[in-house]
Amino acid sequence: KPVVLVDQREEVPTQVRAKAGSSQTAQHQINKGEGGVLEQPGNTKLSSVPESPDMEVNFLFVKSKRSALKIAEMIIAFVAFVSFAASSSGVFIAVPLMEIIITLAFYILYLLKLDSKMTLLFWPLMDSVNSVFAALLLLIICIAAVVSRITAGVITGSVFGFIAVALYVADAYVMYRLITFNQRKTPSQ
């Protein structure tokens, strides 16, 4: 029986003759080519390339309030970062940039359901602690920016920084409401 080797780079099948006891020869020829698929009679396909596990996307998270809040945090922090960076003084750009990156990391973590795969840390608590510290750090640099009144860009960045503070406080509150610390659930919860 002929064994057909299909090269996925080219749509043309290449036939390989294999005798009854020489399945190792056909397997060796598959392993030499990259991405080849061995088609045996009965529509059974063996792949020479190991399949990667599919990433599962959490579509419920995308539609949730938490997702909208995270996206709003990143956008407002980005506007504050650009405003601070456009001003002549780049003193205040570190905190908004850091919070954009951290918020994006948490967004990807929840989006790909990595929080359920990496159970070493309690991710909702980490997220709420990050939101509290982000709010505090942004509040400090925004107050310092308003007091310094260097340029209009710094003032604009501080205004958007205050908006980001409110969003991070709201995010911390939402995450705190979702976390239960050994509490009994009542029927009203």
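Glycine too: its Cβ is placed from the backbone N, Cα and C atoms.
What TrEMBL says about this protein:
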- 21-30: compositional bias 'Polar residues' (COMPBIAS)
- 61-180: domain 'MARVEL' (DOMAIN)
- 14-49: region 'Disordered' (REGION)
- 68-86: transmembrane segment (TRANSMEM)
- 92-112: transmembrane segment (TRANSMEM)
- 132-152: transmembrane segment (TRANSMEM)
- 158-179: transmembrane segment (TRANSMEM)
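Packing against the transmembrane segment (158-179) from elsewhere in the chain are residues 65-66, 69-70, 72-73, 76-77, 79-80, 83, 92, 96, 99, 124-125, 127-128, 131-132, 134-135, 138-139, 141-143, 145-146: each is 6 or more residues past its ends and has a CB under 8 Å from a CB in it. Below 8 angstroms of C-beta separation, residues 92-93, 96-97, 99-100, 103-104, 106-107, 110, 138, 145, 153-154, 156-158, 160-161, 163-164, 167-168, 170-171, 174 of the same chain, each at least six residues beyond the ends of the transmembrane segment (68-86), sit close to that stretch.
Residue counts for the domain 'MARVEL' (61-180) under DSSP, split into helix (H, G, I), strand (E, B) and coil, are 99 helix, 0 strand, 21 coil.
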